[in-house]
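What TrEMBL records for this protein:
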type   : residues : note
REPEAT : 380-413  : repeat 'TPR'
REPEAT : 422-455  : repeat 'TPR'
REPEAT : 546-579  : repeat 'TPR'
REPEAT : 588-621  : repeat 'TPR'
REPEAT : 673-706  : repeat 'TPR'
Amino acid sequence: MPKSDNIFLIVPVSSGIKLLSMIHDLRQIDSVFLFSIEAECEKYEDLLDKYSKLIGIFDQYTNLFQSLRENIELCIQQVESFKFYEQNQKSTRELSKESGSFLWLRLFKDVVLHLPHDEQAKKEMFKKLKEYYYNNNKQLKWIDKFDTQYKSEDAIRWYTREPCLYKQLNRALRTEDIELLYTFRYFIADLSKQLSQEYEILRESFDSKIKFYRGVIMSNEEIHKLKQNVGKLISTNGFLSTSQSKDVALKYTDQSTTQQQNVLFEIEYDFQKIDSIIAASIAHFSQHPNEDEVLFDLDAAFKLSCVTRDDLLNVTRVVMEITDEGSAIAQEHTNEIRKDMNSSSPVLVFGRLLTIIGEHDKAQRYFDRLLENPNGPNEEFIYYYMGLVQYHKGNYEQALQHYEHSYKIMSNDINSREFALSYVLNDIGAVFKIQGKYDEALDYFMRALEIRKNYSDYTAIATSLVNIAVIYRLKGEYDRALECSMESLRIREAYLPSEHTETAKTLNNIAEIFTDKDELKTALEYHEKSLKMMEKCLPAEHDDIASCLNRIALVLTHQGKYDEALDYYMRALKIREQALPKEHLRMATTLSDIGYVHYSTKKYILALEYLEKALKIRETCFSDINDIGRVNIFTYIGLTFIKLHQYRDALTYFKHALHVGKIVYPIGHVKLTDCFINMGIAFREMGHYDTAFEYFENASKNEDQNSAKPNPISLARTYDSMGMCLCDQGDDEQGLEYRMKAVRIIEKVFPRPQYADCIDPIGHAFFTNEKYDCALECFFASLTIRVQCLPSDHIDIAQSFLLIGDVFFELEKIADWESIEQYRIKARFYYEQALAIYREKQHANTAYVLHSIGSIYENIHKYHRALEYYYQVWAWYQQYPPAEDSDREKCERSIARVKWFML
């Protein structure tokens with residue numbers, strides 16, 4: 001029987017009594033279950049005290065199978081310490097990329113060592129164990145024994161000799177069960193302290209390097225991952241068991257299959273270089289002292305040196321070395337936590353740790369437990385942290401209630417709580433901000449800042465400054481926003497670790513200001529710096545990384561790089577599906593943004609699908625929250641319905657957007673201007689021109705009241721919409737005059753591909769009215785924008801070339817004799833530019849451009865060349881049949897006509 005196997009032995013009572021003494025100490029035996037069809041269990045209960053692996057004596061199949069299932073599940077969670085972080089058990093982590101994933105356990109250990117090591121903590125542990133084993137008399141007896149006999153100096157002995165204890169503890173570590181780990185805090189602290197003491201003895205025994213070994217069975221996939229990560233850092237979630245003896249380790253590698261391989265880990269420890277990783281020889285505590293067991297503490301880190309095949313030993317050999325590399329960032333953050341411990345209860349700091357790592361539900365249950373002691377110490381802080389948890393869960397009204405309760409208690413003791421009060425004021429402001437109540441938010445942020453300045457707490461001052469900057473940005477006061485953000489960045493770079501999430505967030509805030517100012521290249525640079533920093537500081541599935549990806553995608557959308565934008569949005573969505581509840585406000589935000597990308601790429605049905613998912617989340621769970629995101633969803637759905645020619649549906653959503661916009665935004669805000677314009681567009685499409693024009697005028701009046709620099713794009717949209725409305729009513733002259741004003745405004749702003757899309761229809765209007773000079777001005781403006789924003793072979797650039805070619809083609813027909821040749825050459829030149837792109841993309845417009853060039857040659861009587869192009873059209877239609885038969889017939893007529901001319 002391979003030593004790597006785990007046996008769960010079910011035997012009759014009669015034979016089991018004889019076997020127990022012979023098999024109990026075998027490593028492969030995990031658990032023993034005795035079964036009897038007779039009600040004689042009590043007769044043999046003394047065996048439960050004698051044999052720790054004997055789980056129980058059962059006379060009911062139901063109880064037996066339940067106990068067996070529980071123990072198998074526990075065993076599965078002990079099987080292997082080395083698993084990469086992407087897997088559910090999260091046992092190993094690639095620290096070079098994901099040092100944030102390693103951080104939580106180090107902080108947890110640090111918190112545990114600072115928590116009260118008192119009788120209350122000990123009682124909680126025993127109570128939890130009794131609750132878990134409430135129906136297992138054998139384990140309950142063991143727990144009573146543990147309760148009465150346990151001493152802190154015997155922690156290692158109890159850990160190594162009692163399967164019940166180490167199984168439960170390791171399960172909590174492997175699965176990152178924070179609540180269970182907190183319950184075991186008393187024992188974990190004892191075990192870590194005793195390992196530290198034994199570590200000093202181990203260090204004295206060796207001058208320099210020593211090797212430790214661990215033999216396991218691993219899947220081919222896991223081994224492949226190890227090979228891919230050579231040179232990187234990994235860590236274990238748990239106390240890692242190894243041996244000083246290679247032979248002992250090899251005993252656990254005597255089984256391999258086509259799907260699994262024997263693996264021998266060799267761990268090199270250079271005691272002269274490293275002194276921060278705790279490892280202790282525990283052979284003298286173990287029931288198997290001949291195995292020379294060495295146990296590593298919770299936060300051990302290793303560098304993966306090489307993965308090779310050793311055919312002689314029939315193992316895959318994995319060489320690792322102990323390192324403290326990668327823990328520098330963790331140490332800096334640990335120091336921050338320690339600062340909090342000096343100023344507040346470690347009990348509260350542990351709850352804060354849960355919120356830091358995104359375990360909001362667990363944090364909520366934890367603080368609820370603390371509140372079971374009403375009017376106890378730190379009650380005001382408990383309510384504050386509960387508010388913080390609800391804020392992160394998107395329950396903003398509940399968050400506000402908790403914050404206000406905390407504020408009320410702190411206000412009664414203002415002298416000693418004034419600085420803490422600044423945090424409550426700040427976070428109340430954050431709730432008002434997300435609810436779109438910007439003036440209230442700014443007031444609370446300012447009050448928090450004034451308190452913090454009195455205490456010269458620069459990191460807190462930086463937080464206030466960036467929050468104030470966000471409000472200024474949302475109000476359109478960009479210069480003030482940038483000034484506050486840059487001051488915050490200088491403070492954070494001076495007082496925080498070199499790479500910190502708060503610094504990354506400041507970079508994001510600066511980027512958003514540049515985005516709003518249309519300086520997209522600069523915005524993208526700041527966002528990319530932020531993302532790089534976030535990925536070093538946080539777990540890969542953290543929502544802050546998703547937020548950063550979302551912001552990068554937004555900038556790429558503005559740049560017209562829709563495929564790249566969609567890729568970033570989908571990455572953000574994947575993270576949020578794992579990090580957040582399905583019905584979370586930020587899930588709605590990402591879904592809405594994805595919908596807008598599909599809208600921008602003219603995939604209107606797909607856009608509607610994502611937008612309606614986003615709206616469902618908001619209407620189901622957050623119907624009371626009026627914010628920017630709510631306005632955006634209503635607006636995007638309305639615009640999509642406009643494209644689908646469902647104008648009444650569009651009007652309904654535009655009305656919702658305007659209603660919320662008036663609640664969220666101050667008078668004069670650019671978003672309100674857009675809401676008025678969209679209302680006007682819907683009415684215009686429905687033929688209600690007078691009502692439409694009223695809304696366009698309201699948009700113009702709102703823009704006049706913009707306290708910040710007027711938004712040129714909104715102004716251009718207003719002029720264009722008013723012009724279209726006048727044209728629809730028959731006043732083409734004044735209407736086109738308004739529309740040309742829009743073009744000349746757009747030409748002066750920072751280019752975006754979307755702006756070219758706005759200009760093209762205006763150019764078409766001039767073209768239809770035979771105002772070719774104005775049409776050319778529009779189409780050249782559109783081309784200039786696209787050339788600056790898009791790849792040279794982009795299909796939209798071909799569209800601009802085609803449109804310009806069409807104008808010159810028409811000018812040729814009406815030009816005087818001296819200009820005809822000039823227009824003809826220009827028309828052919830732009831058509832050929834369009835053709836090169838269309839043909840490469842196999843675009844349907846290829847046939848149209850070929851026919852147009854053929855027509856130019858036909859007009860100058862170069863019939864052979866004309867026929868050449870017409871035949872190319874014919875060949876194209878043979879390969880790509882046209883949507884309309886009339887196109888094929890037109891080509892046939894052209895060929896026949898030219899052939900007749902050639903007779």
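Sequential numbering from 1, following the chain as shown.
Note that Cβ sites are derived from N, Cα and C of the backbone, with glycine treated the same way.
Across the repeat 'TPR' (380-413), the model assigns an average pLDDT of 90. For the repeat 'TPR' (422-455), same-chain residues at least 6 beyond its ends with a Cβ under 8 Å from one of its own Cβ atoms are 384, 387-388, 391, 396, 399-400, 403-404, 406-407, 410, 461, 463-465, 467-468, 470-471, 474-475, 625-628, 660, 663-666. Tertiary neighbourhood of the repeat 'TPR' (546-579): same-chain residues 358, 504, 508, 511-512, 515, 518, 520, 523-524, 527-528, 530-531, 534, 540, 586-587, 589-591, 593-594, 596-597, 600-601, 752-754, 789-790, selected by CB-CB distance under 8 Å and a gap of 6+ residues from either end. Within the same chain, residues 394, 546, 550, 553-554, 557, 560, 562, 565-566, 569-570, 572-573, 576, 582, 629-630, 632-634, 636-637, 639-641, 643-644, 754 sit at least 6 positions outside the repeat 'TPR' (588-621) and bring their C-beta atoms closer than 8 Å to a C-beta of that stretch.
Each residue of the repeat 'TPR' (588-621) gets a DSSP state, and the totals for helix, strand and coil are 31 helix, 0 strand, 3 coil.
Under DSSP, the residues of the repeat 'TPR' (422-455) split into helix, strand and coil as follows: 31 helix, 0 strand, 3 coil. DSSP states for the repeat 'TPR' (673-706), grouped as helix (H, G, I), strand (E, B) and coil, give 29 helix, 0 strand, 5 coil.
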